[in-house]
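Taken verbatim from TrEMBL:
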DOMAIN    1-40  domain 'Copper amine oxidase N2-terminal'
DOMAIN    58-153  domain 'Copper amine oxidase N3-terminal'
DOMAIN    201-603  domain 'Copper amine oxidase catalytic'
ACT_SITE  Asp272  active site, proton acceptor
MOD_RES   Tyr357  2',4',5'-topaquinone
ACT_SITE  Tyr357  active site, schiff-base intermediate with substrate
Amino acid sequence: YLDEGGARPAREALAVLYFGNQADPNITEYVVGPLPTPVYHRDVTVQKYGGKVPYHRRPMLGSEYKQLGVFLETVAFAAAPTFLKEVFEYDRTNVAFQTTVPHGFQSGDRVTWFVLFQNVSGFFVHPVGLEVLVDHSSLDISQWAVSRVFYNGQYYRDMVHLESAYVQGRISVEKVRKAPWDGDFSSMKPRAPAAALFPVQYEPQGPRYSVRNNHVLFQAWSFAFGMSVSTGLRLFDIRHKGERVAYEISVQEALSVYGSNCPGGMSTRYMDGSFGLGRYTSPLVRGVDCPYLATYVDTHSLSESLRPRKGKASLCIFEQNLGSPLRRHYSNLQSLYYGGLVNSALVVRSIATVGNYDYVWDFIFYQNGAMEGKVQATGYPKLTFLHGDGLRYGNRLWEHTLGTIHTHFVNYKVDLDVGGVKNSLVAHDMAFEMTRAPWSPEQQIERPRLTKKVLDTEDQAAFRLQSKMPRYIYFAANSKNKWGHQRGYRIQITSFAGDHIPEASSMERAISWARYQLAVTRRKEEEPTSTSIYNQNDPWTPTVTFADFINNETITNEDLVAWITAGFLHIPHSEDIPNTVTVGNSVGFLLRPYNYYDLDPSIYSHDGVFFTSQQDFTACEINPLACLPKTASCLPNFPPFTYDGF
């Protein structure tokens, strides 16, 4: 359809259904179409997974969380009334819960630690020291039970055991000071009054990009955007100067692995796609989350409902002057001139708030044909109760609060089509060689030279997380530029990742994409994603195992996909209170043209500035910057502030 004028494919949806109330409970997936008025559906579960998906792998629904909340209040807590009243002043409203995942240690388990906090603003940083392990594997709620209880460093069989030990005076009680409703130190309310307004960006002559439905045009760029309920922001058919660079660029997963000496913390491995990076995309605040005059787009998701949910203003698009030159040169040798180009780029952004963390997802398009995928992490860190040898696992952040060490890993799918669908993977790097100076043979010169290698197989193209990777690695086309070089797009990764979980771990295969900073495989319809929403609740028998994608197939002159992992190690520190900042917590990748063009395409930008010592650089026709006092002297009409997030 895109390349050869074929018929437009039918628009279809994937419907995930839970069949619980039957002899063989299972999850079944259907493809439904055509949209917007479906007339057919077909079961694709066996085709995708080789059989029905076991029911215990299902992501938890809001109804299950609600039932667990009722169980904790009416069954678990009812067994320890004296302890809860005297230690926490418990009144059924002043505690909050946070769940942990995965749910147990083996396939079929659905046993979850619930960590208790004071129910105040920013409760994530107010642990009280109590954690309760609930076995909710049975589909009969009356069979649910407390399997273990943890309080202030000690384990108890259940809440009855905890209550008995407390009444008998055999518990070391650590009273936590009651926090006010605003959370005190966890409050995000500014501690200073408003003062002079911060700088605001605006477009003197209106936006220089267009958004029509989900299609965006910006200078030489065009692309379509979408929002997956599970994986969030994704782009399709990305073109520069009319030629496709990539068919799909999408977020695949966000993973966090925690350490602690509390059970809930030490067993936590969040795979946020299971919860829904698109589902939890949050409404954006004009002027903070995005520039005030950005274009704001509503997104829609359907989950646990028969009606879609509209996320008002949950995606934004804007052109941003980065305040620095994309390129420049000042010449004061021989000829006197200045030439430069402002670095103004288009940004597509969404922000997902999954529990305590906020992930700012950006795709950025530059005038030189480069494109960037970036994620910035902010929000509240997930913390645990400080006790015993807690400082082995992080820093003390408040009186009873331990900032627990954890890793962040983000996986992207980058389906490049460089100069056509068929590409090869090529590595360029450097090596020093020793040579004699031709004009002075008795002298030695160490000179860097270019090294070149074609990576022929998937095994050669799978680079382990902490291994050395060629510094120039690119998708090469079957065509050449004017200078005889294969046209290419280079992959450049920005990452400060911590270590991957040991491969001996029983659940490692479920997150085996995180073994690799980069893996390039053949593109296959049956390998659309690096993971599955079902991997979170049964990582011991993963529904999708990325490591199996890499099977040494040849990747020379094939349709290829790059799977990119970026991440950072987070050791929370006192400046993470009340919130983690985005500065320094930003990772991602760049796609940069490498001999793709005959020269830098940004030389054709209308934003270029050039003048010599012989020219009148105060004249508009010579220097467009000279016109700014006239063309940009009037502020635009700013629309009134609105917000639909509550």
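Placed from the backbone N, Cα and C atoms, the Cβ positions cover glycine too.
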Intrachain C-beta neighbours of Tyr357 (2',4',5'-topaquinone), sequence separation six or more, cut-off 8 angstroms: Ser256, Asp272, Ala377, Thr378, Gly379, Tyr380, Lys382
DSSP helix/strand/coil residue counts for the domain 'Copper amine oxidase N2-terminal' (1-40): 0 helix, 16 strand, 24 coil
Tertiary contacts of the domain 'Copper amine oxidase N2-terminal' (1-40), as residues 6+ beyond its ends and Cβ separation under 8 Å: 48, 52-55, 57-58, 61, 139, 237, 244, 533-534
